[in-house]
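What follows is a short report on a single structure.
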Amino acid sequence: MLPGCIFLMILLILQVKEKVILGVEGQQLVYPKKLPLMQKRDIGHTHDDDIEETYEEELMYEIKLNRKTLVLHLLRSREFLGSNYSETFYSMKGEAFTRHLQIMDHCFYQGSIVHEYDSAASISTCNGLRGFFRVNDQRYLIEPVKYSDEGEHLVFKYNPRVPYVANYSCTELNFTRKTVPGDTESEGDPKMKAIHNEKYIELFIVADDTVYRRNSHPHNKLRNRIWGMVNFVNMIYKTLNIHVTLVGIEIWTHEDKIELHSNIETTLLRFSSWQERILKTRKDFDHVVLLSGKWIYTHVQGISYPAGMCLPYYSTSIIKDLLPDTNIIANRMAHQLGHNLGMQHDEFPCTCPSGKCVMDSDGSIPALKFSKCSQNQYHQYLKDYKPTCMLNIPFPCNFDDFQFCGNKKLDEGEECDCGPPQECTNPCCDAHTCVLKPGFTCAEGECCESCQIKKAGSICRPAEDECDFPEMCTGHSPACPKDQFRVNGFPCKNSEGYCFMGKCPTRRDQCSELFDDEATESHDICYKMNTKGNKFGYCKNKENRFLPCEEKDVRCGKIYCTGGELSYLLGEDKTYHLKDPQQNATVKCKTIFLYHDSTDIGLVASGTKCGDGMVCNNGECLNMEKVYNSTNCPSQCHENPMDDHGLQCHCEEGQAPVAWEETLNVTNVAILIVVLVLVIVGIGVLILLIRYQKCIKLKQVQSPPIETLGVENKGYFGDEQQMRTEPILPEIHFLNQRTPESLESLPTSFSSPHYITLKPASKDSRGIADPNQSAK
């Protein structure tokens, strides 16, 4: 006992002494030199230009360390503080005061070492350079001697072999979380389906009274300390495409709000209960951390619930905050967060190239990488538990307006963006210009392979169910086409169910998910229990009041199963034993009451068949025509109708839907075009006729009529010679091709020398015989 007390006293003395950092060896005095930017980046603004910012968006510092010159390239962190960030303090009387801050200007940066492929940095420039940087497998801590970014600084070298405070140890509360059945919201969300898509964790941190008193001067010391930790954690989790964002802090000024027990597991249970009952009522977050400065937990430095993320009670952890080095504390925070995301301790052969992994059990020095084992465990966690709370983006709408090459986002004018040149690992993208390298057609996407777009027809998203369809590459885009599936209401599993959002929900499958593969749906008699109106038998819950089912809806309330083992989900099981009068046998009706993301997953899932042409929807058994707005798809497609997330009707390849509305629209457009063409042609003809008439009148004025002797025709009565202005001709050529009948109607004064051709008269069949001559 006495040696232990002496050891603790020595550690306390060491922490009080200035610039003594445990866990490091050696120190070197350096003078960082601020460098001008080699190329000014095109940076968008997310706020008013009138607001003058104290801290620049991009910085470069030169540090001469161990006879080598390092150039530190830093970009101001943009996503480690949420738009709804708040701070809560307590008065002497225990009253809580909360203020909401719009943080537009801060001094926290992330970056890398120029020309060092494997490097990283998490730095604060508030009062000099303070933080962490890594070059290959060597890690450094930098601290200012004076409050200046170009004055004296000390650089410490982390050494995992140097003993400090106590060998790191953590623990997990012993409980098991079973796979959460797929709910329609998370299953239909493309972000949840794509494991590698961005996820977001809204983090809230509570500091106990001891941590507050140790960091109360200057007044913003504790805030900057916590911000530095979160900036470090954010940098670590970016490698998993997770953005860890701080949405608030609470400082237990003057007294702790729970009793901090000597047993850390007991303290975790108390803190979990407090945050769910009190903290959750005034702040939304995904995970909460308690920073405790008490010397009561022996060698254990942290604790959390395994795979507890997004469960209101279990998304909690405790971190022991006893060291002056924030990087060590932040690394422990990242470690416990990993447990909450389903990761376990790394043991051989689970290793990292740089030597240390985030999930190493010793946690002796800061680590930035996750082993392949940890990555696989996290991906399996996403598939098993579907943590939908990680989908909402905690940034303002205009956050993406901040555009520049190197932000790992595809901005306007960019072909690719793999991050800063020192961090880029994409062989297809030029990190300096954010354009594809010569000869390449893509940099990323499900339809991009070896920097080339896959050929058309390559499957990029296989079918997950008989109600789903595989998606294939188009041959001209690196992205996989939008997910499409069979129309809602299409019969599936031998008519046991109907397709719903690409799945075929049945009671049999839901029972096996809730309990185990041996479980199946129980007898129909069980569903009469849904008329009771309690948490084990109801259809709807309004303000914590369980409403009984109407007779027509009993099969859409709680689901009742038989067989299988007891559920290991965090919920309550209930088994009824009912008498079946027809078979004179006892029937087991097993159900469960469990909330997941504010939804009782013990209810019959929406889309489950409850009768012919009937499906469950929010505790009611309804006709599919009332539930689905795409039930007319089978009438539009000959067979195999499809649907998508927008409930739009499609047909499989080779079929064309009878889109009457679209056909009518096309017909109307065609008619309109024809009418317009006819009108234009008519106007043109009218103009030509007017010009033609004017031309005739003009010629009549310029040339007098030509009198032509009539041709002798014995068809006339007598031998009288007639003088006519209208010649009788064997051939007449008019531009407008008049008929003989129209010629007979011409006026006797008509004369047109330009359009009538005169030819010698000849005897032909058109001549009229002289009756006198015939008589002779």
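Using the three backbone atoms N, Cα and C, a Cβ is placed for every residue, glycine included.
The structure displayed is predicted, hence computed values, not measured ones.
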Which stretch does Swiss-Prot mark as region 'Disordered', out of 37-56, 637-656, 737-756, 757-776?
757-776
Bond partner of Cys389 - disulfide, per Swiss-Prot - picked from Cys310, Cys451, Cys460, Cys467
Cys310
Which site among Cys310, Cys350, Cys357, Cys373, Cys460 has the most other CB atoms no more than 10 Å from its CB, taking these as disulfide-bonded residues?
Cys357
Please report how many Å separate the Cα atom of Cys373 (disulfide bond) from that of Cys352 (disulfide bond), as a whole number.
10
Using C-alpha atoms, which one of the disulfide-bonded residues Cys310, Cys350, Cys352, Cys357, Cys389 comes nearest to Cys460 (disulfide bond)?
Cys389
Taking only the disulfide-bonded residues Cys350, Cys352, Cys357, Cys480, which one has a CA atom nearest to the CA atom of Cys310 (disulfide bond)?
Cys357
Spatial neighbours of Cys357 (disulfide bond) among the disulfide-bonded residues Cys350, Cys389, Cys480 [C-alpha, 10 Å]:
Cys350
Going by DSSP, give the three-state secondary structure for Cys460 (disulfide bond).
strand
If you measure Cys352 (disulfide bond) to Cys480 (disulfide bond) at Cα, how many Å is it?
32
Run through the Cβ atoms and count how many others sit within 10 Å of the one on Cys352 (disulfide bond).
19
